[in-house]
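Asker: If you look up TrEMBL, you'll see A:7-79, A:93-165 marked as domain 'Glycine transporter'. Feature annotation from TrEMBL assigns transmembrane segment to A:6-25, A:32-53, A:65-82, A:89-107, A:119-138, A:150-170, A:176-195.
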Amino acid sequence: MTDWFHWLNLAGVAVCAISGTLMAYQKKMDGFGVVVLASVTAIGGGTLRDIMLDLPVFWIKDTDYLYTTLGAALLTIAWLRISPRFPYHYLLVADAFGLALFNVVGMEKALINDAPMSVAIAMGTITGVFGGLLRDVICREVPLVLNGELYAITCITGGLSYAALLYAGFDQHYCPWFALLVTVLMRLAAMRWHWQLPVFKNE
Amino acid sequence: MTDWFHWLNLAGVAVCAISGTLMAYQKKMDGFGVVVLASVTAIGGGTLRDIMLDLPVFWIKDTDYLYTTLGAALLTIAWLRISPRFPYHYLLVADAFGLALFNVVGMEKALINDAPMSVAIAMGTITGVFGGLLRDVICREVPLVLNGELYAITCITGGLSYAALLYAGFDQHYCPWFALLVTVLMRLAAMRWHWQLPVFKNE
Amino acid sequence: MTDWFHWLNLAGVAVCAISGTLMAYQKKMDGFGVVVLASVTAIGGGTLRDIMLDLPVFWIKDTDYLYTTLGAALLTIAWLRISPRFPYHYLLVADAFGLALFNVVGMEKALINDAPMSVAIAMGTITGVFGGLLRDVICREVPLVLNGELYAITCITGGLSYAALLYAGFDQHYCPWFALLVTVLMRLAAMRWHWQLPVFKNE
């Protein structure tokens with residue numbers, strides 16, 4: 001499973017790097033702001049997770065992640081120079097997979113290091129949403145995480161489904177895949193039908 | 001003293017979670033932005049302190065803090081759905097206690113881990129103000145810490161009073177309580193009489 | 001070389017503290033926002049580097065850095081109270097030296113701890129630009145790093161020149177000085193002739 005996860009993780013990093021590059025494009029950034037923003041979005045969440053769990057930061061151990069980030073940013077720049085139209089719709093679908101994957105990877109890492117389940121769910125959510133949060137804060141946007149279609153709650157639901165399956169006695173090998181599926185489907189559904197969670201009555 | 005500190009620390013976390021939730025309410029956030037903002041405000045400062053001191057992050061070891069944060073946020077949401085009026089005045093007084101407590105807890109943790117006194121004062125200040133700083137940055141406010149009534153200098157004064165008492169030869173058990181008292185009183189006085197510290201002449 | 005680096009590092013910290021204080025002055029901050037902003041700018045980049053490399057944070061081990069930051073901030077405040085005019089031009093030149101120095105120190109620290117070269121270059125860049133990035137985010141400016149005259153790419157070029165010299169077989173003692181020179185000269189040239197790196201075609 002480790003190999004699968006490594007490749008899927010790299011795919012998640014690439015998707016997030018593309019989304020950071022697109023934000024830099026919208027903000028008409030020059031110079032190297034693109035690479036800074038792509039890196040922050042792609043590896044920010046996982047970096048915070050590893051620091052908080054006191055593990056070696058994942059992109060320091062394995063330089064594949066740095067090269068993937070740079071490569072994805074450069075390819076996106078090349079694409080945008082050739083054609084101003086970008087398939088945003090496919091990106092959103094890919095982004096849902098990236099979110100789900102970061103979520104599950106974050107949980108797995110926390111559980112392997114003996115964190116309690118509630119902490120593991122928090123770690124999955126942080127891994128999934130923190131990169132995008134940083135991207136938006138740096139660009140002076142109100143973070144998408146905070147009022148966009150169930151971004152964070154999708155991660156938490158995925159985490160809870162993992163916990164439910166585990167406590168129900170299923171083999172631990174199936175739990176991440178089930179949580180991955182739940183997170184992806186819920187994210188896609190939230191985007192498709194514009195689910196909201198209005199916690200305050202704002203008349 | 002450890003038990004007292006644990007309970008007071010939980011109270012500080014709860015107060016900060018409430019203040020984060022109120023900010024989310026003012027900004028009319030939907031979905032789970034509330035919980036993200038409450039968590040950042042409540043545990044952000046302590047998390048940074050533990051990471052910089054290379055200690056286990058406090059809420060990973062002890063899940064009470066996560067549950068307290070969530071509970072305080074949910075109760076505040078429930079309150080706001082019933083009544084749009086919120087006792088902001090009492091919250092500010094509670095917030096002064098939260099600030100003082102985080103300040104002293106931060107100093108104690110640094111000193112126990114053999115940090116020099118100047119570093120301990122910096123750690124107390126970081127624990128006290130960083131959560132609120134993150135809250136304001138995420139919400140695109142100019143942070144309250146930076147130009148509001150002596151927020152950070154209150155922490156530093158509390159820290160200096162701790163150092164003064166210790167060097168004057170008092171028993172180390174009294175120092176935190178004295179620093180707690182100094183910080184609370186100074187914060188309340190700064191709010192009551194709108195103390196300012198104009199460092200620049202801005203005619 | 002260690003002693004030289006220590007003094008140069010302190011000088012870099014002082015320059016960044018001054019730049020943070022000047023930003024607080026422009027934003028008409030009161031109270032202790034000045035010291036918060038000066039500290040974040042001066043020690044933010046190095047703190048993040050040490051946390052990610054899992055090393056003791058540099059200003060916790062050696063209190064010289066805290067005192068230098070405070071001293072530089074207070075001297076700048078005193079200057080600004082006497083004379084509203086500040087020699088910004090000299091500051092920019094000093095800032096170029098600070099950037100170069102942080103860059104090289106960050107690389108050295110990463111290489112000593114057995115990081116691969118690509119990670120070391122990333123660490124140098126983070127050390128150089130992260131403090132200024134935080135300063136701008138807190139003050140709600142679009143970070144200078146993201147669209148100002150080749151800030152980040154200067155660091156990366158300096159890092160690449162270090163790597164080139166090392167792989168060309170030169171003695172490791174000369175590499176940091178050469179990288180320092182390349183970074184300073186490139187930064188000064190970028191400021192002098194307003195170099196830009198337009199990655200997108202924004203007609």
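Each Cβ is built from the backbone N, Cα and C atoms, and glycine gets one as well.
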Asker: Short question: which residues 6 or more past the ends of the transmembrane segment (A:32-53) have a Cβ under 8 Å from it?
Answerer: 13-14, 16-21, 23-25, 59, 65-66, 68-70, 72-73, 76-77, 102, 105-106, 109-110, 113, 115, 123, 126-132, 134-135, 138-139
Asker: Using DSSP, how many residues in the domain 'Glycine transporter' (A:7-79) fall into helix, strand and coil?
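Answerer: DSSP classes over the domain 'Glycine transporter' (A:7-79) add up to 60 helix, 0 strand, 13 coil.
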Asker: What is the average pLDDT across the domain 'Glycine transporter' (A:93-165)?
Answerer: 79
